[in-house]
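Engineer: Have a look at this one.
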Amino acid sequence: RVTLRRHRSLRKSLRDRGQLSHFWKAHKLDVAQYSEDCAAFSQVNEPLINYLDMEYFGQISIGTPPQNFTVIFDTGSSNLWVPSVYCVSKACTQHSKFQPSQSSTYQVVGTPFSIQYGTGSLTGVIGSDQVVVEGLAVNNQQFAESVSEPGKAFLDAEFDGILGLAYPSLAVDGVTPVFDNMMAQNLVELPMFSVYMSTNPQSSLGGELLFGGFDPSRFIGTLNWVPVTQQGYWQIQLDNIQVGGTVAFCANGCQAIVDTGTSLITGPTKDIKELQNQIGATSVDGEYAVECSNLNAMPDVTFTINGLPYMLNAQAYTLEETSDGMAFCLSGFQGMDIAPPAGPLWILGDVFIRQFYSVFDRGNNRVGLAPAV
C-alpha cells in the first residue's frame, strides 16, 4: 500500500501568487480561448496543462542506501524518471536529485532519454538500480535520470519525478515499466493495482495505491469490469455521455483513458466547449468557472461505460477554490484535442477517479470501476 498525499496543484499556487494568467500567456495557452485554426493545443502542449494540476503524490526510493523521491503514480505514461545530480535546469535545484555514485547497486545503461512536453523536452540518460516502493524492492529497474527539465512547469511542482503505470508499449526507449518488473519478480500477489483518491482536500490521507490487489472497503457494491480496448494507455470504450439524462456527446461510442496523471476530465475542445455551455460555466481569466450557489441546479453528467451509468453531480465535477477570501467554483472539464492515431480521446482523470475506485488489471487487460467510499 502506497499512501498518496494530496497537495495543492501548481495551478492553485500560481493563482495565489497572481501569476496564473501570466503563465497561460507566456505559453500561449489560454484554456478558454479556442480558435479553430489555433495550434496551441496540438499534441505537444497536452502534458503541460496536465502537469499544472498534478495533485496526488507518493514516496519511492532508488539505490543502496535508499535515496528518497516524491513521484506521481501516472497511469497515462510508462517511464520512471527522477532528477539527476547532474541536472543543469533551475527546476532541479528545488528537488531531490539522484546521485549514482552514492549507490552500490547502480549500473550504467547510458541510453539517451527524451520525452516531449509542452514547453520543451525532458532529456536525460537511462540508468538501472533497485527501486523500492513501500517495501517492494524491484531489482535492476531501468529509469531515466533527467539532466534538463523544460520551462517553469516543473520549477514550482511539489513532485520530483514520475512513475508510469501504463502498458510497456508506451515506454520510451523500450524500458520495462516498474509494474511489469514487479510482476516478473513475483513481488505482487495478483497482476493488478488499484487507486483510491480521497474527495476531502483537508483529509490527511489523500488517497492510496495498492499493488497486487484491490481493497473492497474502499468501494461500494461490486466492481464493473471493462475491457481495455488498446494496450497502451488504460483505454476503454465509452458508450455515451449524458448531460441531465439526455445523450449529449459520444452518441455512437468513443474511446477514453483512465488517467491518474490528469487532474480533470478532458475531451475534444468542441465537445467540451458545448459541455461548459450546458453546465453554465463561463470563461474567467483563462479558465471556466460556475457560480458556487448554482451547484444544486446544475445538471448531472453521466458517462455510460459497459452499459452502466457513472454519474457525476455538480459537486463532483466542480472544484471549489478560495482566492483572496472569496470562494469560487471551477469546472472540472477541460478541452484537449489528442490527435490521431492516439485520439480523439476523452480522459477520465482525478475528477472521475475520486468518485469511482479504479482497479487496473494487467492479468485480464481490464479496468474495474465501482463507487468510491
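Just so it is clear, glycine is given a Cβ too, placed from its N, Cα and C backbone atoms.
So TrEMBL has the following annotated:
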ACT_SITE  Asp74  active site
ACT_SITE  Asp259  active site
DISULFID  Cys87-Cys92  disulfide bond
DISULFID  Cys250-Cys254  disulfide bond
DISULFID  Cys292-Cys329  disulfide bond
DOMAIN    56-370  domain 'Peptidase A1'
Engineer: Including all protein chains shown, what's the count of other C-beta atoms within 10 A of the C-beta of Cys292 (disulfide bond)?
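Structural biologist: That number is 14.
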Engineer: Taking the active-site residues one at a time (Asp74, Asp259), which has its Cβ surrounded by the most other Cβ atoms within 10 Å?
Structural biologist: Asp259
Engineer: Taking the Cβ of Cys92 (disulfide bond) as the centre, count every other Cβ atom within 10 Å, in any protein chain shown.
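Structural biologist: Around Cys92 (disulfide bond), other Cβ atoms within 10 Å: 22.
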Engineer: How many Å separate the Cα atoms of Asp259 (active site) and Asp74 (active site)?
Structural biologist: 7
Engineer: Find, for the listed disulfide-bonded residues Cys250, Cys254, Cys329, the residue with the lowest Cβ contact count at a 10 Å cut-off, counting only other Cβ atoms.
Structural biologist: Cys254
Engineer: Which one is closest to Cys254 (disulfide bond) in space, judged by CA to CA distance, out of the recorded positions Asp74, Cys87, Cys292, Cys329?
Structural biologist: Asp74
Engineer: Looking only at C-alpha atoms, tell me how far Cys250 (disulfide bond) is from Cys92 (disulfide bond), rounded to the nearest Å.
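Structural biologist: Counting only the Cα atoms, the answer is 42 Å.
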Engineer: With every protein chain in view, what's the tally of Cβ atoms within 10 Å of the Cβ of Cys87 (disulfide bond), excluding that atom itself?
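Structural biologist: Its Cβ has 21 other Cβ atoms within 10 Å.
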Engineer: Rounded to an integer, what is the Cα-Cα distance in Å between Cys329 (disulfide bond) and Cys92 (disulfide bond)?
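Structural biologist: Rounded to a whole number, the Cα-Cα distance is 33 Å.
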Engineer: Nearest to Cys292 (disulfide bond) in three-dimensional space, by Cα, is which of the recorded positions Asp74, Cys87, Cys92?
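Structural biologist: Closest by Cα: Asp74.
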